[in-house]
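S.K.: Dropping the structure in here first, questions after.
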Amino acid sequence: MTYLTVYSDGETPETLLRTEDPAEIEAALKEIGVRLRHWEVVDGLGDDAGQEEVLEVYRDEVARIVAEEGYTFVDVAQLHPDDSPDWPERAAAARAKFLDEHTHDDDEVRFFVSGSGIFYLHVAGKVHAVLCEAGDLLSVPARTTHWFDMGTSPDFTAIRFFHDDDGWVGDFTGDPIASRIPDYDTIVATRS
Ligand SMILES: [Fe+2]
């Protein structure tokens, strides 16, 4: 279930809204041009499911949205904690990659198969922190300033949709705002 927190973007961010209400979340995101949809979650996919298996299970939904939105490339990104000695390093490196504010020339479209992550959308003086969970399909338009936090113990499987398979690059703004807004671990802890 999606969880939205909205902050002001000043030096001392204030919490403006906190909600799990699907209609309220959809309306708040629509105002900033971000689309959130929901697909029914298919049970029985383990963390060890590979890309082919994940895409096969959601074949019909993927085909439909590809036809509707004209995506040319679809893949699966996933990260799950393991016992290997290099896990903390891999987790930290993956988390750091898009943790600062940036934009892309393409839309950022993700369907969460399992686990969670927070997209922070910095638009019109506010930051919308959208905690996405299994079943959530979020479409962030190209050039929207945003960042993504998977937390200190990343655990998710997500299908990614692209209009351009030239590579996924972030154009970093240099704005340190991400360091002022509560991170994934903090928001998840506040919610429960
Ligand atoms: Fe991004």
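Placement of Cβ uses the backbone N, Cα and C atoms for every residue, glycine included.
No curator has checked TrEMBL annotations; they are predicted automatically.
Copying in the features that TrEMBL gives for the protein in this structure:
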- Glu101: site 'May play a role in metal incorporation in vivo' (SITE)
- His102, His104, Glu108, His146: Fe(2+) binding site (BINDING)
- His102, His104, Glu108, His146: Ni(2+) binding site (BINDING)
- Asp107: site 'May play a role in transmitting local conformational changes' (SITE)
- Arg110: site 'Important to generate the dianion' (SITE)
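Please situate the listed features within the shown structure.
M.R.: Listed in sequence order, Tyr120, His122, Thr145, His146, Trp147, Phe172, Thr173, Gly174, Asp175, Ile177, Ala178 are the same-chain residues six or more apart from Glu101 (site 'May play a role in metal incorporation in vivo') with CB atoms under 8 A from its CB. In this structure, Glu101 (site 'May play a role in metal incorporation in vivo') belongs to neither helix nor strand by DSSP; it is coil.
Secondary structure at His146 (Fe(2+) binding site), as computed by DSSP, is strand.
In three-state terms derived from DSSP, Asp107 (site 'May play a role in transmitting local conformational changes') belongs to neither a helical nor a strand segment and is classed as coil.
In the shown protein chains, 20 other C-beta atoms lie within 10 A of the C-beta of Arg110 (site 'Important to generate the dianion').
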S.K.: State the Cα to Cα distance, in Å, between Arg110 (site 'Important to generate the dianion') and His104 (Fe(2+) binding site), rounded to an integer.
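M.R.: If we compare the Cα positions of Arg110 (site 'Important to generate the dianion') and His104 (Fe(2+) binding site), the gap is 14 Å.
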S.K.: Among Glu101, Asp107, Glu108, Arg110, the recorded positions in the record, which have a C-beta under 6 A from ligand 1?
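M.R.: Near ligand 1, sequence order: Glu108.
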S.K.: For the binding-site residues His102, His146, work out the Cβ neighbour count at 10 Å and name the residue with the minimum.
M.R.: His102
S.K.: Count the Cβ atoms, other than its own, that fall within 10 Å of the Cβ of Asp107 (site 'May play a role in transmitting local conformational changes'), considering every protein chain shown.
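M.R.: Here the count is 19.
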S.K.: Using a Cβ-Cβ cut-off under 8 angstroms and a sequence gap of six or more, which residues of the chain neighbour His104 (Fe(2+) binding site)?
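M.R.: Sequence-distant Cβ neighbours: Ala142, Arg143, Trp168, Val169, Gly170, Asp171.
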